[in-house]
Amino acid sequence: MDFFLEVLTGGLLAGVMYSLVAIGFVLIYKASGVFNFAQGAMVLFAALTFVSLVERGVPFWGAFALTLAAMVALALLIERAVLRPLVNRSPITLFMATLGLSYVIEGAAQALWGAQVHGLDLGIADEPLELGGMLLSQFDLFAAGTAALLVALLSFLFNRTRLGLSLRAVADDALGALAVGIRLPRIWAVVWAVAGFVGLVAGLLWGARLGVQFSLSLVVLKALPVLIIGGFTSMTGAIVGGLIVGAGEKLAEVYLGPLVGGGIENWFPYALALLFLLVRPAGLFGERAIERV
Amino acid sequence: MKHATFRRVAALLVAGLLAGGAHAANEQYFPLQSYRVGPYAAGGTGFFGGFIDYLQYVNAKGGVNGVKLTWSECETEYVVEKGVECYERLKKGLNGAPAAATNPLSVGIAYATLDRSTADKLPLITINHGRTDSTDGSVFPYVFPLQLNPYSEVSAIVNYIGQKSGGLDKLKGKKIVTLYHGSPYGKETNPILELLAKKYGFELTLIEVPHPGNEQQSQWLNIRRIKPDWVILRGWGVMNPVALKTAKKTGFPVDHIIGNIWSNSEDDAAPAGDAAKGYISITTHPSGTQFPVLQDIKKTVIDAGKGNLADPKRFGNVYYNLGVVNGILNVEAVRLAQAKYGKKPLTGEQVRWGFEHLNLDDKRLKELGAYGLVQPLKLSCADHEGGGAVRFQQWDGSKWNVISDWVQADRKLLRPIIEESSKKYAKEKGITPRDCSKES
């Protein structure tokens, strides 16, 4: 039983890390209906920029501020160069644009900062912590706390500020929002900048865990089933989806894996997501699209 | 007037072409299927950086008996299809300079171009990796898994664990876990490990980590439950630092993890920070810049501002030094082949002969300034691997330190298995193996 609980807790904590990436997707999807495939590349870009600045002697918070500025600049550039020319195009066109964008950002990050792997130390010890007979990771607990704080901040932004009201208005009805004077390009730029900030936080935590390297952009593959299960439009959904995926894949690997030769952690979340798609296509917390035909 | 101008331009073009032709007539070409972007760029930039710097160094010394070495790169991003496309694009040589050999540094690309290399009579070099049965040159005349094939790798690791335990007979009852990358590369050595477990009586558990390996909590919790004496890490890329970090997180001693040949670079250990301190891995070539050949490269290439590395701090790291070692072996093959076929640019078929007759003893390695960097190596028609020995190194938190002498694989044990596999391949492909006793 102890072992089961240990696997379950480890899985839930790993799931929070997936949620961190998924939140970036939700932000952009909520505000513009775009599934931003470049979110993983943004995570890589942010982490690589941060670590390269630190290695060049910039202090931690200075590097954080400069990277955030770079992410905002990137957001403005994306809005101006990619989204604005494609306004009113179909969602699939915008999706393809973000797919291309991900390659551009990945290439640019490597061209700018080099291809080598960097270590990233956030100063959080990763000694195992024994709680009730279970070994827990201090780092994972810190990551879970960070994710909770991030969700609280974003919820405040969305629900308690004037900007959040504009964001929700655009998400509900872009044309209606335009009609009442909300400037769509500004909203998009803000959303992409906030997604850049989320990418930076995710990049730092994932980078501290994996090392800052190209594989950071692959963490999006873990976020996809999270989004399908939790729903594309809900931050709560991203958190719950992450927890389900994290716990599900770990338990499956340990208890089902040996029966089928192991190594099922990669596809199991997708199988789970497929089941959810059949039963609840909009995800647990997603908004059901109702269209007049 | 127009005619005169035309004649002048034509004359210049012809002269240029002739000059170019004359230039290429004394050049030997290396087609490089390199990867400098994408997930494995850290390995690619280091390896191809070292390889190119060594070629530049040889050129600075006058080439190979006056024959200049030339190369061009084609980006594969470690993608098999791109690797094949690059192979087809580069195999014919460059400006008349014939191709010597291909060195893709990718198991996938090597497998995909293996038959083509044989058909095109162009050696395929898979240093420290590739198909194990290609060690048998009677069936694979154009493929060279130089220094170390995957079976030798695990055999040497088990021998080392035996040494540490007080003898191979003490392995009985020990528990060894192999944590392997979920890919054909990762699985390649599982049958041999099972065979060694049976032979020496240790308890083996094989645990797969799905690609890319950025999450290993469940695997390491399993390992904690098994409580093994040793863990063999057969990783690649991001899987390695994550394994070390998760090992620490779950309380497994890192100095009882032994990384294989693709888990042995600075890029595998450094990103894990303190968690990697004490981690052991194998190597065929130590990192460091103290070897005379590297000092010469520094003087003639790096200090002259011609180095291929974007970040000169990587000079002398594991991937870079592997590139230099690969350069030494390629150039030695060309040199040997020139001794037989003449001091001129050679065809792939002729260079193949050079590879098959490589014989680097301590004396020759000292002459090359590579004593201690490259292991003594003797190839033949039947043996395209040549070495089969590794040394062990330990990470101290900032660099690798060599902690053992050469540990030899049990090649006698492995040979019949290799031959069985190569014979099966020959039968499948309708290949009549060469009679190595008649080869000279």
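These residue numbers are counts, starting from 1, taken along the chain as shown.
Cβ from N, Cα, C; glycine included.
The annotation transmembrane segment is assigned in TrEMBL to A:12-29, A:34-54, A:60-82, A:94-115, A:135-158, A:190-212, A:224-247.
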- Most Cβ pairs under 8 Å with the transmembrane segment (A:224-247), selected from A:12-29, A:34-54, A:94-115, A:190-212: A:12-29
- Query: Between A:12-29, A:60-82, A:94-115, A:190-212, who has the most Cβ pairs under 8 Å to the transmembrane segment (A:135-158)?
  - Reply: A:12-29
- So which residues does the transmembrane segment (A:94-115) touch in its own chain, when a touch means Cβ under 8 Å and the partner is 6 or more beyond its ends? 32-38, 40-42, 44-45, 48-49, 52, 74, 78, 82-83, 86, 214, 217
- Distant-in-sequence neighbours of the transmembrane segment (A:190-212), which means Cβ under 8 A and at least six residues beyond its ends: 17, 20-21, 23-24, 27-28, 30-32, 36, 39, 42-48, 50-51, 64, 67-68, 71-72, 74-76, 78-79, 83, 117-122, 124, 139, 143, 146, 150, 154, 157, 163, 167, 219
